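Heads up, the thing below is written out as structure tokens.
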Amino acid sequence: MRWFSWLTSSAANTLVDPVSGRKLYPIDGGIAFPDYHKQETADIPIRNVAMPSHYIVPLRVNPRFTARPIVDIGARVRKGEKIGEPEGKFGVAVHAPTSGVIRDLGHYPMTHVSGLPALAYFIEPDGKDEAIEPTPYRGACDDTDRIRDFLQQMGLAGLGGAAFPSHAKVASSPVKTLIINGAECEPWITCDDRLMREHAAEIVAGACDLAAAVHAQEVLIGIEDNKPQAIAAMQAAAANHGTVTVVAIPTIYPAGGEKQLIERLTGIEVPYGHLSAEFGVLVFNVGTARAVHRALTDGEPLIERVVTLTGAADDPGNRWVRIGHPIAELILEMAPKPEVDRYLLGGPMTGFAIPDLDAPILKGSNCIIAASPDLFPPPPPEQPCIRCGACAPVCPARLEPMALYWFARAQQFGKAQEFHLFDCIECGCCAYVCPAHIPLVDYYRYAKSEIWEREREKSKAQQSKARFEFRNYRLEREKAEKAARAAAKAAETKRRLEAQAKQSSTEASPGDTDSKQESAPSPQALGTNDPDARKKALVEAALARARAKRAAEATEPSGENRE
Ligand code: SF4
Ligand code: SF4
């Protein structure tokens, strides 16, 4: 039985949390698992791990945002020292996890489903773990711009999984409601549960710091009701903070999805392609809230997080792990059983099998599950869809998963988009209930990646067309300008010659009288009736004019020299 009962409002089909008294709004779909497998690790206190032989610290904090390396190979660094400068508006700084020597800067495997490598520092620890002098935040607690810049330099990114830069959210003020996400709805994962039990005061302090930074009027801390100890600890920590309310929400997957949590707590439905900040709401994970407080108060950059080590292991539990810790060394900490055949990163619903164990722990790495055939048997073979319709009612995004599947399979991507493919949050609820064992999410991911690829190709073709049209326009413009320059030059030459001719006629010396006289046909010759004599007179006059013109030109400097 739950630690308290839920009251149902029949009029609006909404729930009321009897402890906080807050109205809770219904959300669609979701799955209540028969076993959440939280008990394997939830009651074990968080421990530290042994220092590994090396750290691989990536400069890419999440698939989209990166940092620029600023330390040379061979340099000695100390714990907390900045080694990567944020790039662009959304990049966040990267810091050394311990003291040691930078041995390499190169591409290393990453914990990404693609297995693609990323630029990273290879750091060899010296075992001293010497730290730099911390520099806490010294500005006003409501100075949004300064806090945003400070968090960017402290390497703050979301610890819930997506590692979205925290400072970018802080910039999204003004905000009415700040939500702290303690729902942690996926089976097996308990890192947030343990953090709330052991560090509730720091999480609440971080929530208050963030609320001040974004000028939020209220703070809601949403926790699934299968974590009664965490709820109690957070309520005790929030007791003296009037604007902070701890709200217990029904345990259902994916209640911890950002959009689902916002809808459950506020009734606001954030449409696809929009940010929650547009609706006056911001969401931060509980781990991020604690890290924000540690950064502002203690000057501690984000270099470590809690990771759940669970599954087929003799020593499961939650551990403090520094960013860059190689997974191959970390999994030894939980003493995996011999039957383990692969390791999953994240929960069983949204996680994936780690392609390369040499990859490091990142800011968004919340859980490693040692998977064995007993715990995670291979899925039965995929069967044809029997159109049972079981996938639709569990979809939290109110989609038609069967239709999306058919369109993706038939490569009718336009139709898939018409059926709101991009509203799919890839929660996996539909695939979980499908009796035909169709890996539906794989089809959606395939369709999305094909559409993105085509969009990229289309965008490239449009850019090429625009470049071609601009080149034609430039050539035409240059041709017209050249013709205009030639016409202007010809007109100028004509004008100058006419002016010269006029000047030479008005300034002619007396000696020129002969030539003038020579250039004009004699009246006697023109007055004669003899046609031969008249023609001869006209020819002589023309020749005389030509001689006079040549003489005049010989006395002028050339046009080329004048220019
Ligand atoms: S649950 Fe599976 S079999 Fe049933 S309609 Fe959906 S895709 Fe088809
Ligand atoms: S994976 Fe997508 S389609 Fe399937 S239930 Fe989740 S949101 Fe709906």
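Glycine too: its Cβ is placed from the backbone N, Cα and C atoms.
Bear in mind that TrEMBL entries carry predicted annotations, made automatically and left uncurated.
Annotation note: Cys385 ([4Fe-4S] cluster 1 binding site) sits in a coil segment as assigned by DSSP. Summarising the annotation, TrEMBL assigns [4Fe-4S] cluster 1 binding site to Cys385, Cys388, Cys391, Cys434.
Under the heading [4Fe-4S] cluster 2 binding site, TrEMBL lists Cys395, Cys424, Cys427, Cys430. Annotation for Cys427 ([4Fe-4S] cluster 2 binding site): spatial neighbours Tyr253, Pro254, Gly257, Met349, Thr350, Pro396, Ala397, criterion Cβ-Cβ under 8 Å with sequence separation of six or more.
Taken from TrEMBL, the feature compositional bias 'Polar residues' covers 518-527.
Residue counts of the domain '4Fe-4S ferredoxin-type' (375-405) by helix, strand and coil are 5 helix, 0 strand, 26 coil (DSSP-based). As annotated by TrEMBL, domain '4Fe-4S ferredoxin-type' applies to 375-405 (among others).
Sequence annotations record features per position, and here TrEMBL assigns domain '4Fe-4S ferredoxin-type' to 415-444 (among others). Sorting each residue of the domain '4Fe-4S ferredoxin-type' (415-444) by its DSSP state yields 17 helix, 0 strand, 13 coil.
Per TrEMBL, the feature region 'Disordered' maps to 485-563.
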**Complete:** Apart from the site residues Cys385, Cys388, Cys391, Cys434, the 8 Å Cβ neighbourhood of the [4Fe-4S] cluster 1 centroid comprises Ile386, Arg387, Gly389, Ala390, Pro401, Met402, Tyr405, Cys430, Val433, Pro435, Ala436, Ile438, Leu440
**Prompt:** When you average the Cβ positions of Cys395, Cys424, Cys427, Cys430 for the [4Fe-4S] cluster 2 site, which other residues in that chain have a Cβ within 8 Å of that mean position?
**Reply:** Gly29, Cys391, Val394, Pro396, Ala397, Leu399, Pro401, Ile425, Glu426, Gly428, Cys429, Leu440, Val441, Tyr444
**Asked** Hey, of the binding-site residues listed (Cys385, Cys395, Cys430, Cys434), which one tops the CB count within 10 A?
**Response** Cys430
**Complete:** Of the binding-site residues listed (Cys388, Cys391, Cys424), the greatest number of other CB atoms within 10 A surrounds the CB of Cys391
**Fill in**
Taking Cys385, Cys395, Cys427, Cys430, Cys434 as the binding-site residues, the residues having C-beta under 6 A from ligand 2 are Cys395, Cys427, Cys430
